[in-house]
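Worksheet for the structure shown next.
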Amino acid sequence: LCCNGESGRQSGRREYITPPVAAHPPTPPSLRPLIQHVSIAKLPYIHIPDPDTQYPRRYLCKSCPILPENRARPISRLTEPPRSATDTSDSTSAATSTPTSTANHPHPTTMADENNTSQPPVDETPISHPPGERKNSLENHLQHRPNRAELVEKNILPASNAAPSLIAHQKELEKHMRADSLNDKISHRPAPEDLIKEGVLKEDPRSAEDKYAEAIEDEYAKREGGA
């Protein structure tokens with residue numbers, strides 16, 4: 001049991017701890033208290049010390065002596081072991097093997113540089129021709145211009161030398177005159193029966209419906225003329 005020090009007086013209860021290691025021999029594992037051997041009411045007051053604990057001071061009062069065995073132990077830090085000759089040989093072999101790996105798997109930046117260099121160069125020539133080339137182009141075209149007779153033969157220019165407005169009006173009149181002459185010829189064309197009699201046609205090209213419509217028109221024309 002711990003002595004009733006300041007912590008015991010302030011809290012009004014006793015704290016149960018194990019005595020120092022040098023006070024008595026270590027308890028065999030078979031006699032150490034287990035959780036199932038302790039009542040639930042005493043669990044907050046019982047502490048089973050761990051032999052690897054680094055801070056045993058927190059479970060003791062000020063008047064309890066702290067032996068060197070129970071003092072805080074230094075924290076072990078990981079340190080690199082000294083390298084042997086075999087390790088140095090492995091490191092040199094790894095250093096020599098890295099260029100081959102980089103050759104097989106190039107760096108992304110080098111790959112990007114290769115992609116940039118593989119692109120075709122941009123054509124920066126201007127679209128328009130320089131002004132010196134087109135300086136005498138109109139003069140050259142006028143010198144090699146075809147004659148008027150060739151343009152008239154190709155129906156590019158009209159045959160007369162009249163004004164364009166008069167030529168357009170003349171073409172419009174010719175169009176109407178051609179339509180009137182065609183209608184006149186259609187009105188005076190011979191009947192299919194006469195053409196069959198003359199031997200121009202072998203059969204009547206009209207269908208039965210056309211014949212019936214023409215017969216009705218003729219009948220109406222006769223009745224109107226007789227009236």
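For all residues, glycine too, the Cβ spot is worked out from N, Cα and C.
Annotation comment: TrEMBL describes 1-30, 72-140, 181-227 as region 'Disordered'. Annotation source TrEMBL lists compositional bias 'Low complexity' at 81-110. The compositional bias 'Basic and acidic residues' annotation in TrEMBL covers 131-140. For 136-161, 180-205, the entry in TrEMBL reads repeat 'RPEL'.
Sequence-distant contacts of the repeat 'RPEL' (136-161) (same chain, at least 6 residues past either end, Cβ-Cβ under 8 Å): 167. Confidence across the repeat 'RPEL' (136-161), taken as the mean pLDDT and rounded to a whole number, stands at 86.
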